[in-house]
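Following: one structure in structure tokens, then a few remarks.
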Amino acid sequence: MLSALSDWFWQDWLWFPEGLGWKDLENKGDEVYAKAGDLWVTLPIALCFLLVRQVFERKVAVPLASLLGVREKVRVRAARCPVLENFFSSKAKQPTQSAVESLSKQTGYTERQVQRWFRRRRNQERPNQLKKFREASWRFTFYLFAFIAGLAALIDVSTRTLLPSQYWYYMIELGFYMSLLFSVASDVKRKDFKEQIVHHVATITLISFSWCVNYIRAGTLIMLLHDSADYLLESAKMFNYAGWRKACNYIFIIFAVVFIISRLIFFPFWIMYTTWVYPLTIYKPFFGFYFFNGLLLVLLCLHIFWAVLIVRMAIKFLPGNNIVEDERSDKEETDNSEDDDNEDKANGKAAKMKNGPVQNGHSSLNNHHKKE
């Protein structure tokens, strides 16, 4: 059954225009073409990336963070309270007002103390600056080298023969995105978490498909366009976490320009034009044509989504704004513990003063009589 399904799936009419097929991609003398079986090598490459990343973050990213002055905010830990911890773990991290009132009665805490406990407990689970810096520095390093490798792979594309540089560029890119998909559960979760999953899956499918049907030039250009902006964004994040605001802002401006030009101009009006419009002048549309361009359309929609976030962040460059935060990040809640404590003390003092000053544990109103 599986053999029959495989034979049907790999039929020529599905993936190639009329008159062409898999036989046209068989090696002929010095002409070497991409093969679907080559993609198996990306699995060990992805595992190697996961291991190299662990070493890089500990041996390179951590010392670099110290050198750039990455500082952690001092977080006040939530006091041990089994009732609140059980509610936080099993029911909700953001309790409703009615839940706060109920928990206040169960624990003996005031409603303000309950709210403060949950705020501190949520902050404990948010990733620290060092973790964010380590992830950004790892991605920055890869995207920078990948961009340089992409330029090298495009130097000689005059022949239809698969070049070693193109082979390794594809395998390494695909292996890296697979490693990102494997580690997405442990990485910092942002507001666009679902969009990131869609992006990784679409990218892996797109790279794999373009390799199998020998769309090497189009695939290389697409990966290169993405890498051209990504390393700038990651470097801006690194400087932001280190508190280098001006450097972060300047790099972010460059990133925004490169992102819009590469992904909203070159990508749709150059890449997608040559894959969507030009082929129709030569061949009739077929399933592989719609499949490939459908994936490109998914990426374009994600580009538009992220472009909106970039514009929101760019607005912060207006006069009076001197910080750029990642719109996708889950921001840490401010812990006004000192103000809350002072307010609690003030409330307690007010409660005591309600019946007048206290002397020796008794209201002064009861001490106006003379001793006998």
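All positions are counted from 1 along the displayed chain.
Glycine is no exception: its Cβ is also placed from the backbone N, Cα and C atoms.
According to TrEMBL, the protein has these features:
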DNA_BIND  73-129  DNA-binding region
COMPBIAS  332-343  compositional bias 'Acidic residues'
COMPBIAS  357-366  compositional bias 'Polar residues'
DOMAIN    71-128  domain 'Homeobox'
DOMAIN    121-319  domain 'TLC'
REGION    327-372  region 'Disordered'
TRANSMEM  32-52  transmembrane segment
TRANSMEM  136-155  transmembrane segment
TRANSMEM  167-185  transmembrane segment
TRANSMEM  247-270  transmembrane segment
TRANSMEM  290-311  transmembrane segment
Item checked: Tertiary contacts of the transmembrane segment (247-270) (same chain, 6+ residues out, Cβ under 8 Å) -> 222, 225-226, 228-229, 232-233, 235-237, 239-240, 296, 299-300, 303-304, 306-307, 310, 313-314, 317, 322, 324
Check: What average pLDDT is reported by the model for the domain 'TLC' (121-319)?
Finding: 87
Next item on the list: Give the residue counts of the domain 'Homeobox' (71-128) per reduced DSSP state, in the order helix, strand, coil.
Entry: 35 helix, 0 strand, 23 coil
